[in-house]
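K.L.:
Copying in the features that Swiss-Prot gives for the protein in this structure:
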BINDING   Arg39, Gln40, Ala41, Gly42, Arg43, Asp88, Tyr165, Thr220, His334  substrate binding site
SITE      Asp88  site 'Transition state stabilizer'
Amino acid sequence: MSHSPAQLSASPSSVGDGDRLLRAARGEVVDRPPVWMMRQAGRYMAAYRELQSKYTFKQRCEIPELAIEISLQPFRAFAPDGVIMFSDILTPLEGMGIPFELVEQQGPIIDPPIRSQAQVEQIRLLEPEESLPFIKTILSTLRREVEGKATLLGFVGSPWTLACYAVEGRSSKDYAHIKSLAFTQPQVLHQLLSKLADSIARYVIYQIECGAQVVQLFDTWAGQLSPGDYETWALPYQKQIVDQVKARCPQVPLILYINGSAALLERVGKAGIDVFSLDWMSDMAEARARLGSLAVQGNLDPMVLLGSPKFIRQRTLEVIQKAGSRGHIMNLGHGVHHTTPEANVHHFFETVRQAAELLKAL
């Protein structure tokens, strides 16, 4: 595929130190915080929108040439320290016998939704190499492309969040169906979550074997649970994944992201993860104190990137200062908003790259 001069404006090789993110994820002190953005490959980029107009979302995720190109668009434009595979958290579900449809601007539709013991019993264990052959091509190619210049991230959905989609059948505001299942037929939901955890653990290990150096678990909707329910319905299945992955790949850092995690910060470390990805609704300094020795990722409000360059710089440096020098990966507290100007994203990345000098000048 051809690349316009604008896409080639940043030079990843010029920033060097391709393992900066990997080392920060292991809790090491680095020269500056590594930086990448959730949803950094996406609709805010003109280059992405051009492909979006020609190919379905499923095609963009599963045709290796497209997924590789989309993953590399922000790498060429902004030289982040982390490059994440372009995919979707629901991608492995079909290989488990849970078909879904991705509808533009609507999100995923799972019809029929999974709400009975009989349906749960039909779910099979994922065989990633058979069901997701494109993943190996995507990750192995990306690893070659970014080797020595950036850390390659894989990602998966965590069981509670995947179950939210499977049981609700679509995006939800109140999670009535899954909470009803939890509170009336708990054994059915526990069985579903355990099956999901075993398959997702396999998928994480497969991503690592294909080239991923760090893997992020998205349990986005676990923040919809009370602390007690989090310990019943989300935490054990996060841990089930982490335990299986660490038994096979002990050196690979695992990141956990939960949206709306403020009430859960003392609990998330029990999952055994290496890094907790913080949303923007918690103060970074307070969160670090509550998270203890865990490395942390985040947590700039994505909407800050709609502000002026001066405002973006100020708020970015505030987060970095509060996070301290050890075990911090700079990121947003959620995915970058699709209306964000690319120039503002560039300014955000440049601010982080210059953070040491800029903080000295304060």
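Backbone N, Cα and C atoms are what each Cβ position is placed from, and that goes for glycine too.
I'd like to know what surrounds each of these features in this structure.
P.N.:
Long-range Cβ neighbours of Arg39 (substrate binding site) (same chain, at least 6 residues apart, Cβ-Cβ under 8 Å): Gly335, Val336.
Of all the Cβ atoms in the protein chains shown, 18 others lie within 10 Å of the Cβ of Asp88 (site 'Transition state stabilizer'). In this structure, Asp88 (site 'Transition state stabilizer') belongs to neither helix nor strand by DSSP; it is coil.
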K.L.:
Taking just the CA atoms, what is the gap between Ala41 (substrate binding site) and Asp88 (site 'Transition state stabilizer') in Å?
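P.N.:
The separation of the Cα atoms works out to 12 Å.
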K.L.:
Across all the protein chains here, work out how many other Cβ atoms are within 10 Å of the Cβ of Arg43 (substrate binding site).
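P.N.:
Its Cβ has 15 other Cβ atoms within 10 Å.
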K.L.:
Between His334 (substrate binding site) and Asp88 (site 'Transition state stabilizer'), what C-alpha distance do you get in Å?
P.N.:
15
K.L.:
Please report the number of other Cβ atoms within 10 Å of the Cβ of Ala41 (substrate binding site).
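P.N.:
Here the count is 24.
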